[in-house]
Amino acid sequence: MTTFSTTLNHTSLRDIWYTMIGIPGLEDAHMWISIPICSMYIVAITGNALLLFLISTERSLHEPMYLFLSMLALADIFLSTATTPKMLAIFWFQAGGISFASCVSQMFFLHFIFVAESAILLAMAFDRYVAICYPLRYTNILTPSVIIKMGIASMTRSFFICFPLIFLVYRLTYCGRNIIRHSYCEHMGIARLACDSIKVNIYYGVIVALFSTCLDVVLIIVSYILILCAVFRIPSRDARLKALGTCGSHVCVILLFYTPAFFSFFAHRFGGHSIPLHVHILLANLYVVVPPTVNPIIYGVKTKQIQERVMQVFSLGKTFR
């Protein structure tokens, strides 16, 4: 009888709605915090959509570097859209209710997009390596079919890494704790609502971080070491600066993507009480909107071809007006 009651309780708890409370301790400031977040979300969607439009309509931008950039822009749109609308609903309407299934879905897509974007950044580092170290073979190595295969490989790897997270949270027993002290659902946030051991979840999270994201970072660093070695062998100073200039945008995007991600990861698992919860949650909220907002701006400012295409579009708009 007890076993039946426990099973029934376990099943029914998965059908109830959890409540996300946004940023704990800063509830009174939610309306003010929502203003920059909403503004950045609009800029992120507009900027990345414009980037996709420019790359798809301009034949001169159908090069490997810009095709990878279009993948990054698409990932940024999905990353911000997977979290920000619900976040704003919490800030504006206190609409923090979410079912277990919806919460797990948001968790999956959030981690899936993050791992995929990490792989895209690695592919972009490989693109810069080939462009600088093997310039004469650049278009022969990175053909459209190779780029498509790299994109599919990024998505496939991300899916197989993140899909087990669904089973890891569904296997846990939940005993009625239904307050999520966050603005969106992520793996450890859901796991900590359980009343049994979450060691497997913690270990899997660390293993995934080490063998996907950390491995990507190591390979990116190796790529840039090889790039620097090749650049410093170039006799002309102007040619060296030009070669390094093509990598500037990518390095900025890498730092913007990985720095807050690793801070959030280590703070969540090892930070304990040394970092106030509201600081951790606020940074986590900014993480899903700041990189998608800034990435198209960085490439727009640093890339001459994109600047020229933007000027063409806006001058054409003025002509029709």
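Here the Cβ of each residue, glycine as well, is placed from N, Cα and C on the backbone.
Residues or ranges marked as transmembrane segment by TrEMBL: 29-54, 66-95, 107-126, 146-170, 202-231, 243-267, 279-301. Summarising the annotation, TrEMBL assigns domain 'G-protein coupled receptors family 1 profile' to 47-299.
Averaged across the domain 'G-protein coupled receptors family 1 profile' (47-299), pLDDT for the predicted model comes to 90. Distant neighbours of the transmembrane segment (279-301): 22-24, 26, 33, 37, 40-41, 43-44, 47-48, 50-51, 69, 72-73, 76-77, 79-80, 82-84, 87, 110, 181-184, 186, 249, 252-253, 256-257, 260-261, 263-264, 267-268, 271, 307, 310; these residues of the same chain sit at least 6 beyond its ends, with a Cβ under 8 Å from one of its Cβ atoms. Residues 22-23, 61, 69-70, 73-74, 76-77, 80-81, 84, 87-88, 90-92, 282, 285-286, 289-290, 292-293, 295-297, 299-300, 306, 309-310, 313 of the same chain lie 6 or more positions beyond the ends of the transmembrane segment (29-54) yet place their CB under 8 Å from a CB of it.
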